[in-house]
Amino acid sequence: MSVEAREARQPWILLSPALTAVGLLLFVPLMFIVVYSFWLRSAAGADQVGFFLDNWQEALSDAFYRDILLNTLKIAGITTIVCALMGYPSAYFIARSKGNKPVLLLLLMLPFWISYIIRTMSWINILGVSGALNSLLMTIGIINEPIQMLYNETTVILGLVHFLLPFMILNVFVSLDGIDTNLESAANSLGATKWQSFLQVTLPLSLPGLAAGGLLCFVLGAGTYITPMVLGGPRDAMFANLVYEAIITQLNWPLGSALSLMLLVVLGALVMLYNRYLGMAQLMKGLG
Amino acid sequence: MKKMDNTTRYERLRERYRNGDLDRRSFLGLIGAAGLAYGVQTPFAKYAMAQDVQQVRFDGWGGVVSEAFREHAFDPYTAETGIEVVDGTFSGGDEYLAQVRASQPGEFNIAHLSGVFDYARYHNFDLTTALNLDNIPNVELVIARLMEPYRAITPDALSAVPYDYGTTGLAYNRKYISDEEMREKGASILIDEAYKDKIGGWSDWRTRIWYGALQTGQDPNNIEDMEEVWDAIRQHRDLALKYWGSGAELMSLLAEEEIYVTEGWSGRIAALQEEGHDIGYYDPPNSFGWQECLFVIKGSPVEACEELLNFMLAPETSIAVAEGQNYPPALDGTKVDLGDKIPTLPAYDPSGTLESLTFADPEYWNGNEAEWSKTFGRVQRGY
């Protein structure tokens, strides 16, 4: 075998474990879901094997699914904006801090050591009728009766921000940390104020990190179903809750498959758009 | 022509090799292929060799129930039979059925399932097996009426034995709602504007429809005006603060006074009362009665499962589990001394006839499941 041929094969040999894992654990199950989406749930409960377009027709034409999907995108969008507004200053502070950067990064990682469900449920103890916030407000005399703060769309967004904020901070931090601070000094020496040097130098250079964090927050937020279940009221649901209900409660795997693919296509399209204009390299840096 | 067995096939192969009719590479290649074929089929062949049973898997609701099972049934069973019991837990019957459907036969063996609905659903998915009740002598102690719904679904043989029963009645905080008010309003208290944002409800579509039927004065097992029921559910949805999804959430919402009234599981409310919370429990006329069973899933080692079921139905085990989970056991109080605590539990029927409870007609409810569960998903979201 020639050296060229061997060199051409080498990347594939090195990639083969990862490709096998992705193929078996992601691609093959995904194909099962695609096949399932064309089956039908019979009245008796068992699945009717065949090629039926009913599930797709229902998922694409029913206003119910469209409205919940739009609401999901709205909630994910608001969450992403809040994460960006809260995350950027925190990331800036960490990136510009001198000696205690490792400690701050460690603190940023701490929430990942606790289960996401536990973190979400902790808000019940904070915002509940007999929770910490109501108790504090009543103790200092600001209110006489506890305020009903839980189980609405605002608490769902709050729970999502709590879950996703570290992802945003990490991505922005990676971006800010890579910016040469001499650039800001140069801008200042040329007469720019600190605010101007931030707006015209630092912020534009850190936008790829902000976009990567935004994409992660949006995709993860749009795909969640735990937060609305724990912190939402009877009406609050995101699209993933409909998938959960179709598959787990109604045992309608074919419809659930069609719905999950629909969400996958919408979120996949966003990732493609991001990749088209910004590239995945920045996202990899943030995740790395 | 007589079919050749594998041993003969290998002997002939070896003879051809020794005679020089087959080169060494082909011989070893064929032996290797046979080995590979055996390796590939072995994971599936183990289910066919179920006679050599070393362990049985049991899935239940966890917590005190699992602890009672472990102490009073699983460990004595293992000591006597040498068969290990691996116990798993699930948080809901729907989620568990989804897991069972996705599994290989024999992977899941016995499950502590809810009511007759699940029995019918498992039967529809061809997951029932045939138990020999002669191998489960303790089944004689069970309330006869609890066996009837299962026999109606599988007349030839049962795939489960009843284990306990209870009700989903009305739970209320007595600091805010008196016993008199509760008796006067009954199920309609859940759509009383006076308690807006202090009302809860289980997110289960069956319970919502059952209570919708009670609120509109209809028979839950023969609803004539479904639109009226959906309207009652919408009314409840708009007044409710939260649909709870688990017993722990139900208890937390009531204990923390996030809600004052909801439907609740009798055992969980009894547990709250034991903890000292002033929570009342009331079964309105036609309150939702249900039973749980120990179900043997198709593909399981039946004889080993039958023996384990007999251990689990033994009075000392049943009573310990019942006292732990606060639901009366399926044992007939007229045949077995159930001790002091069980007769005080909500939903307990001392007559052994269960005439006072209304159970859901599985044929009626399962027949409407596909349509109603889907519609409920929409109504819940404001449609």
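The first residue you see is number 1, and the count goes up from there.
Even glycines carry a Cβ here, placed using N, Cα and C.
According to TrEMBL, the domain 'ABC transmembrane type-1' annotation covers A:69-274.
Taken from TrEMBL, the feature transmembrane segment covers A:12-39 (among others). Same-chain residues lying 6 or more positions outside the transmembrane segment (A:12-39) and placing a CB less than 8 Å from one of its CB atoms are 47-53, 55-56, 253-254, 257-258, 260-261.
The transmembrane segment annotation in TrEMBL covers A:75-95 (among others).
As annotated by TrEMBL, transmembrane segment applies to A:102-118 (among others).
Same-chain residues lying 6+ beyond the ends of the transmembrane segment (A:124-143) with a Cβ under 8 Å from its Cβ atoms: 149-150, 155, 230-231. Taken from TrEMBL, the feature transmembrane segment applies to A:124-143 (among others).
The feature transmembrane segment is assigned by TrEMBL to A:155-174 (among others).
The transmembrane segment annotation in TrEMBL covers A:210-231 (among others).
The feature transmembrane segment is assigned by TrEMBL to A:251-274 (among others).
When each of A:75-95, A:102-118, A:155-174, A:251-274 is checked for Cβ pairs under 8 Å to the transmembrane segment (A:210-231), A:155-174 comes out on top. Using a Cβ-Cβ cut-off under 8 Å and counting only residues 6 or more beyond its ends in the same chain, the transmembrane segment (A:251-274) has close neighbours at 33-34, 36-41, 45, 47, 52, 55-56, 58-60, 65, 69, 73, 211, 215, 218-219, 222-223, 239-240, 242-243, 280, 283. Nonlocal intrachain contacts for the transmembrane segment (A:75-95), taken as residues 6+ away from its ends with a CB within less than 8 angstroms of a stretch CB, comprise 101, 104-105, 108, 153, 156-157, 160-161, 164-165, 167-173, 176-177, 202, 206, 209-210, 213-214, 217-219, 221-222, 238.
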